[in-house]
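Annotation source TrEMBL lists active site, proton acceptor 2 at 409. Residues or ranges marked as active site, proton donor 2 in TrEMBL: 540. Look at TrEMBL and you will find 540 tagged as active site, proton donor 1. Summarising the annotation, TrEMBL assigns chloride binding site to 239, 549. Annotated Zn(2+) 1 binding site per TrEMBL: 408, 412, 436, in sequence order. TrEMBL lists 408, 412, 436 with the feature Zn(2+) 2 binding site. If you look up TrEMBL, you'll see 154-168, 377-395, 565-577, 991-1009 marked as disulfide bond. Taken from TrEMBL, the feature N-linked glycosylation site covers 72, 111. Annotation comment: TrEMBL describes 1-20 as signal peptide.
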């Protein structure tokens, strides 16, 4: 990775916006202020004759100090590095002050390149800070880097990272490279992987959280003194080109758009890998969820950023070899030095510049003996800014991954060599992503089966035209390139939100896992807390290295590859292109010349110009199209395979998939269920408040979707939590589990479920749209009934039954209503009973009656269905004498009212149509005729309500006041704006009063065709 002077001492002139952290060396005095107005030529002379010679010397000394510390971590070297950084910071400050004073008003209209130099040199970044704070920042960064680089863990499970020196045998003490890394990559011992994963975070991030919070404050202060909103904006400035009207927000939007374009491919890969891991680790609870995130410790990489080490058990065709040539490299006795020379030969074959002699003399290509010295193993390329000294620091292992990394780092040095003669501020990539892309672009050719076979790393029997082998090869590439994309994107999205204040120190870790769950679809295998700082377990965080560059590089490297393949004369599928293939003749050198032309520009021109150069005018934008084209065959294979396996791409955003995760699962369920139920209830509300065919279709579709969701989530829950797990839940959790295990109507197959819901809708429509003609001779033939004589249940028929004392009229309406409703739906109801019982049996009940009684049953409290039936029977026996007395009294009063021709038997039942209610369920309408003490005031206030002009709104407001006077919650505003409190004109509705919960926490409504009478006033309160 490109060298960014470690511990935050980044090369001012090589880095974005010249974030300098240097000091004025002894013997160099600040230039005097000019007395006359400067010209562009004056500035040119100043840069080349004055500034650049001194800056090159000082920068080379600064890089050397950093190199010594990173290749020999000692307290002395750390102090030397910090002192050097302070010198350069002071130097930068002097230079910026001088340029601001003397070249502020120079006319650069004829030379935009010089203006770019000026604009870069006046920005100081960390060097803006007062000396004490600058020194503090250097110390904080050095301390974090030291924590990371010297961390060790114990291989013995159970030994905490803080106890390694005291309790861990020397032979079990592991550093990240190579010990921990090799085990994470190759071990399939899940408990060991979990232990190493946690221990590394205990040894690193957990110890630097306080320092990181202070680092953020100081970095922001330096950036703000340069005019940026925060340090995140300063980091993004490398992509900003104001002269092209490409601003910070343009880059943010473009990066997000590219991620959304790539996300479907990543989701397909994630789903397939999750399934493969479920097969590999069948006992790991965190993998039981068929749509869950993946436990982070199982992906073969400490940060789950690349999954190449999983291909041994997950590749598409396990009977065919993978593309991993590590065994062949070992067999052929590859060495670190030899790998770098092979890379150098590859670059030279394209006509690119070979590594100079000093590269081979001074680079650190293998890890030294830890007994002799400790080093920062993270691979990095170094430019010493003297145009002759370029190095790589890498603890190289003999494996294919490191062979590719060799080409990546050599790509950085090639870039340095190409632009070494530019002004110092331009000796950097066109944007941060360019530097990371160069070596990776060339590695795309190196990784092709044809190229590896040409190196003798694939057996002669390896058929590069075998489609199965090609799918294995592309899958291997996808595990490296596609798996990385969300991590490359989220690392800086997370840090941007720290710098801009959206994420506070008290939420550093919880928010980190929210980002990982959101973008990567991974979860923590052990519980995490705010005592942890897991982001700090990644090198680039304590080392203050921006990470968006890697995301950008993974996009543009495929653009570069496509352009170079085209320039080489290659015309086949992009994933097979090797620009060094001898069959292309001089094509490789043409491609190399095109790349060199682009690299020579450094950052002297906008990065859009560099893209235009390498694509030969095809585009000036970052474009994910070539990447998608490269992986098109793999995306098609993954999509087809996932469909065959019935895998659902995507994941629930659960951050914790440790053993104690039922609460996390339930939290995610509540989030998803709320959305599904809101859609379902909304569709039902729309139908019941406006009965139309379109609304019915929408309601049935939403209901089917809700049923599918209910079924899927129940199966998912039962797959994750087995019987043993359920026994370990507390009573409340077990109660939730039991309820979610029951599917209700969703237990039916989709066809039966849709039939059931259609039957219900038909019966509901029959009931809600039924009318009776007031003219008894016409009855139900509405075509012959005058409109004013067409009676609906509410308010017409209900009012007549309530007020009429004509027994024949009431009998007619009673009978006609049943003919208009129940008689018409009898056949549907028989089918309904069959399907409801079928659903009940599928859900583990005897019949629907048992389902309906289920809400009263509490298995966790040993309260059964039989207990409920027995209790209800006892209640009825207890209440029956009172009811019988009331029944006898009303029967007598009705005989007094209607005579013995209507009430023929004082010991018999009461004719149902005489009880003032269509269903004889409430006899309140008889109060005036049956009250015990005639002449005394009635309790029925209906007449007075009408006299006082009560309406539905007043009735509901009165009810609300009653509730609030008791200290209960007032109705929210949404209730008043969305409820249907009176029967509307011009549309059919279901008038039956009902209260609605939309499951979004704010929408609660009532649907009621309210009339101003006492019974409806009671109903309002209910």
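Residue 1 is the first one shown; counting continues down the chain.
Just so you know, glycine gets a Cβ as well, placed from its N, Cα and C.
Fair warning: this is a prediction, and the values are worked out from it, not measured in the lab.
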Could you round the CA separation between residue 540 (active site, proton donor 2) and residue 991 (disulfide bond) to a whole angstrom and send it over?
64
Return the count of C-beta atoms lying within 10 angstroms of the C-beta of residue 395 (disulfide bond), excluding that atom itself.
21
Far apart in sequence but close in space: which same-chain residues, 6 or more away, have a Cβ under 8 Å from residue 377 (disulfide bond)?
149, 175, 176, 177, 367, 394, 395
Around residue 991 (disulfide bond), how many other CB atoms lie within 10 A of its CB?
20
Nearest by CA distance to residue 72 (N-linked glycosylation site): which of the recorded positions is it, out of 111, 154, 1009?
154
Spatial neighbours, same chain, of residue 565 (disulfide bond) - Cβ under 8 Å, 6+ residues apart:
574, 577, 579, 591
Out of 154, 408, 409, 549, 991, the recorded positions in the record, which is closest to residue 111 (N-linked glycosylation site) when you go by Cα distance?
549
Which one is it: of the recorded positions 239, 409, 436, whose Cα lies the shortest distance from the Cα of residue 168 (disulfide bond)?
409
Specify the nearest of the recorded positions 154, 412, 436, 991, 1009 to residue 239 (chloride binding site), where nearness means the distance between Cα atoms.
436
Give the number of CB atoms, excluding that of the residue listed as 'active site, proton donor 2' itself, located within 10 Å of its CB.
20
